[in-house]
Amino acid sequence: MHKSASGSTLGPGGLDLTQAFFKPINNAAPSSTPNPHNKISVIGVGNVGMAIAQTILTQDLTDELVLVDVNADKLRGEMLDLQHAAAFLPRTKIHASTDSSITAGSNLCIVTAGARQIAGESRLNLLQRNLSLFRSIIPPLVRHSPDATLLIVSNPVDVLTYVAWKLSGFPSNRVIGSGTNLDSSRFRFLIADHLDVNAQDVQAYIVGEHGDSSVALWSSISVGGVPVLSFLEKQQIAYEKETLENIHKSVVESAYEVIRLKGYTSWAIGYSVANLARSILRDQRKIHPVSVLAKGFYGIDGEVFLSLPAQLGRGGILGVTNVHLNQEETQRLVDSAKTILQVQTELGI
């Protein structure tokens, strides 16, 4: 019996669905030849950076892990602490240095470094300090690893991903922000909790800004393949829009609650970023809501990075999913883009 090869065609005549499902982003470039030796560099060894590093190690995602920070003592302490766990971890070479040249040949550079807000400091002034910081971080990474993918985690992630793109000169598909990947995980958890199902069976996205103007895509939510809102309408089951808004509000406020209770967030973002690293380095071609160059999508005009469901692989962003948005969701997404663009204008970049 003849068995057809797996591919992107479907049905008689071989309809190619790839172009229908995914749209390429502007200023993208083809991926380079994959390097079988994986090297990940994490820039910044604060709570977030170390949670990411620890998760990457335990999930055996890289052959070599490099830590970079300006605080030499803390940096060496973190490196030694991880190295001492070698007997309990997959074999990974762990290095650390204050000199960015140690990152040379990285496949993936994860940037978590960022200036902390001073009491009474305006958001714009904080952004200006982070802009100065990125001017000292990004160019050396590019110089030492010209074929790497940059994954930005520092906040405000959308603006700083745009900054990294401009400073790097990389094609847009190789500069990614962690965006709303974690927000969407929180969203799926809350929906699953309401419906008493496993969060892995919930398909749901938060898009737009990683922040207050994010957009919940209620129209496309499904559980076990069943579109939730259309199912409720067909079954004439009443639901209140306020309930939906409260779930989204809980997503936006959840990070603030964690920070209030323990002082910072770490583990969830660690798992989220490791999940992105896996998709990129192992060419998983999974779809994640991450911060991408959104110009040309859903009527967005202007060079702005915000989160859209995107397919990730060895080439970074392989394409953006053509998810249907209703009129209200589209308008909210455009408004979210305008919010980010206004910040970029104030920064003068």
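Backbone N, Cα and C define each Cβ position, glycine as well.
Look at TrEMBL and you will find His210 tagged as active site, proton acceptor. According to TrEMBL, the NAD(+) binding site annotation covers Gly44, Val45, Gly46, Asn47, Val48, Gly49, Asp69, Asn130, Val153, Ser154, Asn155. Feature annotation from TrEMBL assigns domain 'Lactate/malate dehydrogenase N-terminal' to 39-177. The domain 'Lactate/malate dehydrogenase C-terminal' feature in TrEMBL is assigned to 180-342.
On the backbone, the CA of Asn155 (NAD(+) binding site) and the CA of the residue listed as 'active site, proton acceptor' stand 9 Å apart. Long-range Cβ proximity for Gly46 (NAD(+) binding site), meaning a same-chain Cβ under 8 A and a gap of 6 or more residues, is found for Thr112, Ala113. When the binding-site residues Gly44, Val48, Asp69, Val153 are ranked by how far their Cα is from the Cα of His210 (active site, proton acceptor), Val153 comes first. Cβ contacts within 10 Å of Val48 (NAD(+) binding site), excluding its own Cβ and spanning all protein chains shown: 25. Each of the recorded positions Gly44, Asp69, Val153, Asn155, His210 was scored by the other Cβ atoms within 10 Å of its Cβ; the lowest score goes to Asn155. In this entry, NAD(+) is bound by Gly44, Val45, Gly46, Asn47, Val48, Gly49, Asp69, Asn130, Val153, Ser154, Asn155, whose most widely separated C-alpha atoms sit 18 angstrom apart. Per DSSP, the domain 'Lactate/malate dehydrogenase N-terminal' (39-177) is made up of 68 helix, 26 strand, 45 coil.
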